[in-house]
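TrEMBL annotations:
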- 2-73: domain 'Ig-like' (DOMAIN)
- 193-288: domain 'Fibronectin type-III' (DOMAIN)
- 275-298: region 'Disordered' (REGION)
- 293-392: domain 'Fibronectin type-III' (DOMAIN)
- 394-489: domain 'Fibronectin type-III' (DOMAIN)
- 493-579: domain 'Ig-like' (DOMAIN)
- 590-687: domain 'Fibronectin type-III' (DOMAIN)
- 704-792: domain 'Ig-like' (DOMAIN)
Amino acid sequence: VPRCYLNKQLATVRVAKGEPAELSCTVSKDDVTGTWFKDGLKLTSMEGVVFEKKGLVHKLIINKAEDIHAGKYRFEGGDVKTEASIFIEDPPQVDKMLLKNLTRVPTVAKAGQAVKLKIPFEGRLPIRATWLKDKMELVDDTRIRVDKTDTFTMLSIPSCERKDCGDYKVRLKNDSGVLEINLKLMVMDKPQPPAGPIKIVESSANNITIQWQPPKDDGGKPVQRYIVERQQVGKKEWETLGETPRSCTTFTTNKVDEDTSYYFRVRARNVEGTSDALESGEVKALGKASPGAPDPPEIISASRDSITISWKAPRKTGTSQIVGYIVQKRKKGTMTWLPVTSGPIKDKKLRVSSLKKGVQYEFRVAAVNAAGTGDASDPSQPVFARDPTRSPGQVQDLKVSSCNSTSITLTWSRPEVKDGNDVKGYEVEMRLPHSPSWTRCLTLPAEATTGTVKGLQAKEKYLLRVRALNDSGPGEATEIETFLEAAAPVVPPRLLIDDTVKSLLVVRAGNTVRVNIPFEGSPDPVVMWLKDGLPLPNGAVIKTEDGSTQLLIGAAELAHSGTYSVELQNGLGKKETFSFQVQITDIPQPPGPLRLDENVPNTVTVSWEPSVSEKWERNLHYTVLKRESQKGLWRVVGDLIYNNKFTFTTVIPGRDYFFRVVAKNSLGASDPSETVQPWRIRKTKAEFRVRPQKYRGVNQNQHPRFLVPLKPHVVVTGSECHMSCAVGGYPPPKITWYKDSRDLSNDPNYFCTNDFGVCSLVILGVTKQDAGEYMVEATNEVGCVFSRAFLAIKGKT
């Protein structure tokens with residue numbers, strides 16, 4: 001119960017409407033009979049008010065505070081005279097069940113539908129209702145309408161769109177407090193077009209393969225499938241080629257003609273409909289093409305009249321299968337190439353005979369397919385037709401004994417030993433599938449039959465070979481027959497959150513927002529950023545590399561405030577998410593102009609227009625300062641004020657007062673808003689005049705007075721009520737009855753009598769409307785007096 005002890009100091013009591021309140025005062029003697037006053041009028045009785053005296057303590061108790069109880073109260077008794085003010089607070093309120101339903105369950109609508117969010121409220125008027133989205137105030141425009149009355153506020157969107165999704169806030173504010181209601185609106189729509197551009201994965205004479213990315217916004221419902229269409233250049237009709245499930249973003253068609261160009265387009269579909277199309281540029285189905293050039297042939301062995309060579313198939317095979325190879329030779333230093341065979345051969349190894357001893361030769365190879373003979377390879381290394389020293393044979397039983405994510409271990413057996421081919425060591429070489437050249441990675445002694453190739457990259461494929469070495473050079477290589485893949489360990493995606501990543505980030509407007517979050521995972525996870533469950537707004541840049549992802553906003557704006565989420569997901573179906581809050585704030589703008597009013601005698605109420613920063617700053621409050629002269633010091637008289645009004649009660653009549661108000665938040669204070677003219681309550685001066693007395697005859701006139709005052713009555717509905725009093729004075733006073741300040745002289749429902757100063761008021765058949773304050777006034781030419789009493793009505797039991 002709000003209590004105020006008047007003896008201590010002049011005070012202000014703020015009481016919520018409907019709550020009890022109590023004023024008490026302690027006197028020095030037990031026999032002192034105190035008197036209570038309200039707004040300068042003596043209180044003998046008042047609806048809802050009880051006067052109590054216990055020993056030295058006098059109390060005024062309000063059982064249930066209403067608006068009529070607001071005012072300035074004074075107690076006088078003995079040598080005690082003190083006062084206090086009571087203010088009745090009635091903040092905005094919304095039905096609890098409605099509030100629970102609005103805040104717990106989001107409002108869901110389909111795109112194009114009308115949305116109406118109505119919030120009925122009650123509380124002391126005027127109530128200022130404000131709608132906000134992403135901390136920005138909503139005002140009427142061509143799409144959105146905000147209605148405000150004394151009993152409700154309503155947001156209307158005749159045709160909602162996806163951009164209307166988000167968190168909404170309704171702020172109800174009056175002199176007694178603020179109520180904020182958080183709402184969520186979800187709008188379902190068809191997806192956006194798939195993300196482009198459309199990539200051409202493969203284009204040949206037989207088929208075309210295209211690829212795209214999922215749409216950035218799925219419309220609030222998961223994408224079910226993609227629809228692929230094709231149009232031949234020069235024609236108007238689009239042809240539907242087929243559909244793919246949502247997990248597949250590639251499509252291959254074999255319905256193509258050679259040397260013909262096409263356009264492709266892809267649409268995404270969910271339960272709400274089909275998106276607009278993502279279109280490709282012109283794509284041409286290639287005609288038949290001849291093969292590319294093979295790598296230069298390798299020399300396997302040489303003798304006095306023959307040389308053995310081998311080669312690999314070209315990387316580009318053209319548009320049809322290779323059917324054979326053309327082999328040519330020339331003497332080193334000449335320009336003429338001569339065919340070795342009469343036609344194409346299918347093998348990729350050939351022993352060239354009928355050579356002249358001691359002559360140096362070069363060889364080249366060209367592949368042949370249905371389109372014809374392709375480009376010839378570069379010449380091989382020149383080699384002499386002569387008997388060489390015996391080179392070592394091939395290593396035997398080459399195989400992979402073990403491998404991990406960074407290394408592969410090979411084992412083999414020594415080559416077959418013959419006269420003059422002793423092994424002096426081994427050479428291990430490696431190449432990637434897309435590289436034509438071999439790289440030496442190990443040279444081992446003759447006794448070694450195992451070797452480990454280290455420093456490999458996870459998820460890469462390698463081709464390995466081993467050659468024996470002796471004085472004549474390397475022998476014929478033995479290659480592993482299949483490609484090897486260094487398998488990477490599976491590591492679940494995990495965000496490496498530490499103390500540097502905070503769950504709440506408060507940034508001043510205009511500054512940079514930079515959040516770095518390291519992560520790990522194998523295979524590499526897909527990183528996705530969202531704001532309030534939607535794609536990031538303009539100005540937000542994401543950079544992901546080397547196990548770290550960064551959110552960067554160069555110049556933060558108020559609209560960038562919200563909940564940001566980073567999500568990791570890999571192909572194994574594992575996912576991890578982290579969310580944090582970003583609050584963009586700034587030093588508040590100053591309040592609006594000040595207004596000063598004397599609503600209660602000898603007090604001043606300072607009111608002001610709210611700072612525009614209230615639209616986005618929830619913790620904004622105000623500080624009121626005053627000074628008592630043009631050059632005096634400013635002193636704080638009110639702080640942490642969350643409404644736009646403050647009453648200063650310790651006003652001394654005759655002094656000049658200046659006031660200023662500043663808005664504050666966690667970043668600082670705004671510029672002040674000040675009064676220009678001083679505020680002064682005039683000090684009344686008692687008028688004193690001295691008049692000489694004149695002799696007059698005996699004056700029998702007497703001031704009217706109440707010999708017996710009115711007393712309160714409590715009667716039952718339907719019964720009669722007799723209220724009476726006794727009045728004296730000369731000339732006999734004129735008697736007038738009032739109810740709630742209304743003259744009853746001409747009201748036929750009341751009977752008034754005056755028998756030699758005994759005045760009565762009779763009410764026949766009392767109803768509840770007769771309850772209230774009654775007053776009888778006695779007036780003659782000497783003066784005027786009045787007496788008051790309350791009539792209370794009880795229902796029949």
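Even glycines carry a Cβ here, placed using N, Cα and C.
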Exercise for the section: Could you tell me how many residues in the domain 'Fibronectin type-III' (193-288) are helical, how many are strand and how many are coil under DSSP? Expected result: 0 helix, 52 strand, 44 coil
Practice task
Determine which recorded stretch among 193-288, 590-687, 704-792 has the most C-beta pairs below 8 angstroms with the domain 'Ig-like' (2-73).
Solution key: 590-687
Problem - Number of helical, extended and coil residues in the domain 'Ig-like' (2-73), per DSSP - result: 3 helix, 37 strand, 32 coil
Practice task
Average the pLDDT scores across the domain 'Ig-like' (704-792) and report the rounded value.
Solution key: 89
